[in-house]
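Colleague: Supplied in structure tokens, the structure appears directly below.
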Amino acid sequence: MPEAKPAAKKAPKGKDAPKGAPKEAPPKEAPAEAPKEAPPEDQSPTAEEPTGVFLKKPDSVSVETGKDAVVVAKVNGKELPDKPTIKWFKGKWLELGSKSGARFSFKESHNSASNVYTVELHIGKVVLGDRGYYRLEVKAKDTCDSCGFNIDVEAPRQDASGQSLESFKRTSEKKSDTAGELDFSGLLKKREVVEEEKKKKKKDDDDLGIPPEIWELLKGAKKSEYEKIAFQYGITDLRGMLKRLKKAKVEVKKSAAFTKKLDPAYQVDRGNKIKLMVEISDPDLTLKWFKNGQEIKPSSKYVFENVGKKRILTINKCTLADDAAYEVAVKDEKCFTELFVKEPPVLIVTPLEDQQVFVGDRVEMAVEVSEEGAQVMWMKDGVELTREDSFKARYRFKKDGKRHILIFSDVVQEDRGRYQVITNGGQCEAELIVEEKQLEVLQDIADLTVKASEQAVFKCEVSDEKVTGKWYKNGVEVRPSKRITISHVGRFHKLVIDDVRPEDEGDYTFVPDGYALSLSAKLNFLEIKVEYVPKQEPPKIHLDCSGKTSENAIVVVAGNKLRLDVSITGEPPPVATWLKGDEVFTTTEGRTRIEKRVDCSSFVIESAQREDEGRYTIKVTNPVGEDVASIFLQVVDVPDPPEAVRITSVGEDWAILVWEPPMYDGGKPVTGYLVERKKKGSQRWMKLNFEVFTETTYESTKMIEGILYEMRVFAVNAIGVSQPSMNTKPFMPIAPTSEPLHLIVEDVTDTTTTLKWRPPNRIGAGGIDGYLVEYCLEGSEEWVPANTEPVERCGFTVKNLPTGARILFRVVGVNIAGRSEPATLAQPVTIREIAEPPKIRLPRHLRQTYIRKVGEQLNLVVPFQGKPRPQVVWTKGGAPLDTSRVHVRTSDFDTVFFVRQAARSDSGEYELSVQIENMKDTATIRIRVVEKAGPPINVMVKEVWGTNALVEWQAPKDDGNSEIMGYFVQKADKKTMEWFNVYERNRHTSCTVSDLIVGNEYYFRVYTENICGLSDSPGVSKNTARILKTGITFKPFEYKEHDFRMAPKFLTPLIDRVVVAGYSAALNCAVRGHPKPKVVWMKNKMEIREDPKFLITNYQGVLTLNIRRPSPFDAGTYTCRAVNELGEALAECKLEVRVPQ
């Protein structure tokens, strides 16, 4: 049984330190530290290498009863692959948690800068039961480490008179040690009270701080259950507990009502059902069930069952409310138990999704878990989000059934990052990207052509109502005046010019504040003039597109409006005709139309398209002549989507995306690409780059291993962004495992080498399919695979190697992501058998004589060691074995000696020799095959005296090849010949049979007993033992006759009676006397003679007077008198007759 060790005692600071000086109590904030101790003997180091994850191990502490204890430890997060799981234990296996009580609290914090985890254990108001050995365990994936410490609980400090120092108080409420006056009222107690407290304290020390109900449970439990109960209730001082129980010497009372009680505790998962069963001694006893002292009534949740003497309570669909104490009551007896309802692990049903939002948007990050009302922890960039900080950070939590939502009402740039949700059964994470809000133009400004004194209205609409802006005319800001009005209503911005004048003509621009955006339109002033030109003038086209090129060219963006205003002159006014190639345009309405004015011809395209690109010709004619001009219209557009988008390689949290440039660049060279990513099944795309990426290969990072993703690409040119490409096939970031660990050589022969290793430290979501082993000759760089298919176990034997060569070996892990980094031996291995001297490992049961019965199998397995394979030889008495009876099979590690049916001839000494060249080892095995012995011989009755007989015999001729253990003697009467046992396992060849019956004649028989049992047949005595009768004188006893005479005596007197008139009545009494007395019945002192109303009977001294249908006249005093020669006796009673009303 393990024993908890107390904390080490502190050494005194100096030699002169007084022995009785009180120890200073450690402050609450900094518990006293004790020297570090070696771990207990039962905490032996494991075979694994130490991980060294503790920067500061918990120290053993010593604390006074009633004080608080604090234990602190620090864990190095750099040594851990993931966030660690922290567990505290008392003793070896008792885990401290929410069930441990409110006195135990746990705290955990993480410093992200240094990656150090600080964990604390707080125990409030410690009691004596808290002392003992504790253990801290840290686990993260495959990494596990633990360390132990002790908590020693001391009694409160006292002064020299035995008074507790806490009795001295100060009247002031200040925290200073010298403030106020000392108050000694706490010491004004009677001496008897102090003595009682000392006795109570001593009793508490004897009880080891264990509650009385636990002592009662231990007293009624079996010794084999002590350790189980101790671990269940956190008792670590097992030796003290056993001593206390031994002193108690309590006689366990057997329950009169229960034959089987409830177990001390039960555990069930929430939502499941559980059955509590007791067995009572009497099936007719009434039984009641109670929960926390309240009686349980039958319902659909609580079902009662009676099966024979068993009484079963079934609790259906257990909830946390069913976590309580239960008891069963039968009469005055009760038995108790406690039910613990265990919360199932909370799983992530719908994980978080990546989101990309703008500043000021409302954001809801939702996750759905498997249990309603479950506790989840939100974290941002590794830091926990709490409700206390929610007021400062502008976020709040919301629960909607199984959905947990983190809400940002007005998101800002500081809220971006990676958010994580952690439950006790899983976790998920997502990234929140916050961008500056982009302004969207909902309605652009249109060009205006107005006449004099008319009103011009420029109007635009943007996506943000709060955005303000300024108006400009030809680059000069427009100021409001009597004619000019500027308004801003919601998303609409207006510029109104009343009474338009020629100087109002120009380019008007609206520029929103804070955005690199401008909206422009042109105001054309239409002036009507009537002039008379008496002369004729040939037509002339006034066209100038660039002024610098010989060829007129115009560039328009697809989707935009194009308006070509061409001024023409001539008299009379010429007629303008527009052509595209040979096609003539004549329409004045529609998307493409012609507008005509006096001195201008306009060609309008409402929404330019790619097919509108080409050379346009305008021809003007009048009677005087004609003029022709051509314009090349180039329509530019956003490019087509990129092509052949695919994933070429993936890693643990990254993937390589490759694509081809678009077939059509939109008339402008492609300046770069934009990449987006999303989780499969999600609708939210997340931008990966905000600046255009010029290459066609992109590496995406910060991905979650084991999650399916999709990606797409946009092409960008000077015009804008293309449509998205086709989504890539779903892919999953998976990395190869890390290299295998601890590669060693286990065995080497002339042609083989056996390697062993341990699994990789990091396996990842892709798992591991197996391992590949490769070898390379020293001096060569070519690695030869030793196995084509991966092996699953962490060991492999490489065969067919050249003898004497020096070879280097390496092992790689393989999974769906590919090969891991290799684990290579530090030094080459020489392929040569390592000679090992032979050694026979004779089993313990073969080191002494091996005994078997005739007919049984002889199957001996003898292991040995030695390299190369030794030569094994079996002999018996120096001669070879008879192969017709004995079969021998030898392997590299053992030899088997087998006989199917053993015979006595197989007994003897066998020699086993194991030899390698000139080295040899031998062993001797002694085998004895036994059977039943023969019967004893010459069984004779040697002497008879009194009721005794002496029987002798000789040992059997065949002892069955085994030592005779004794003889079995029986006797039989010659008359009945029924055999009765006299002696069992009598070791001598003679015995004296006593207590034989006089006058009988006896036979005797004897069996021989050895290790196989009694002999099949007995040895029967040839003569008999006759027990003769001896002479006896009979003296009769003297007979004295007894005098049976006695005077009459009433054994049962008469009793007073009250009867109802008309119903027969009887008066009874009993009398004894010898000779038989004469009986006389009287009424009111008058003898009752032969009256038919009365019937007198006498049966064996029982006297009865029957009165037929009595009337009130029959009431009175009745007397019975009994008389014989020795005397008389009287008995009387009163009879009352009542008439019914």
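Just so you know, the numbers here start at 1 and follow the chain as drawn.
Placement of Cβ uses the backbone N, Cα and C atoms for every residue, glycine included.
Given the structure is predicted, the values throughout are model-derived calculations rather than measurements.
Swiss-Prot feature annotations, pasted as is:
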COMPBIAS  13-39  compositional bias 'Basic and acidic residues'
DOMAIN    50-153  domain 'Ig-like C2-type 1'
DOMAIN    255-344  domain 'Ig-like C2-type 2'
DOMAIN    345-437  domain 'Ig-like C2-type 3'
DOMAIN    438-538  domain 'Ig-like C2-type 4'
DOMAIN    539-638  domain 'Ig-like C2-type 5'
DOMAIN    641-737  domain 'Fibronectin type-III 1'
DOMAIN    739-834  domain 'Fibronectin type-III 2'
DOMAIN    838-932  domain 'Ig-like C2-type 6'
DOMAIN    935-1030  domain 'Fibronectin type-III 3'
DOMAIN    1048-1141  domain 'Ig-like C2-type 7'
REGION    1-62  region 'Disordered'
Colleague: If I count Cβ-Cβ pairs under 8 A between the domain 'Fibronectin type-III 2' (739-834) and each of 50-153, 255-344, 539-638, 935-1030, which range comes out on top?
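Modeller: Answer, by Cβ pair count: 50-153.
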Colleague: Which numbers of helix, strand and coil residues does DSSP report for the domain 'Ig-like C2-type 4' (438-538)?
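Modeller: So the domain 'Ig-like C2-type 4' (438-538) is made up of 3 helix, 50 strand, 48 coil.
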Colleague: Could you pull the average pLDDT for the domain 'Fibronectin type-III 2' (739-834)?
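Modeller: A mean pLDDT of 91 is what the predicted model shows over the domain 'Fibronectin type-III 2' (739-834).
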Colleague: Could you break down the residues of the domain 'Ig-like C2-type 3' (345-437) into DSSP helix, strand and coil, giving a count for each?
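Modeller: Secondary-structure composition of the domain 'Ig-like C2-type 3' (345-437): 7 helix, 49 strand, 37 coil.
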Colleague: When DSSP states are grouped into helix, strand and coil, how many residues of the domain 'Ig-like C2-type 1' (50-153) land in each?
Modeller: 9 helix, 60 strand, 35 coil
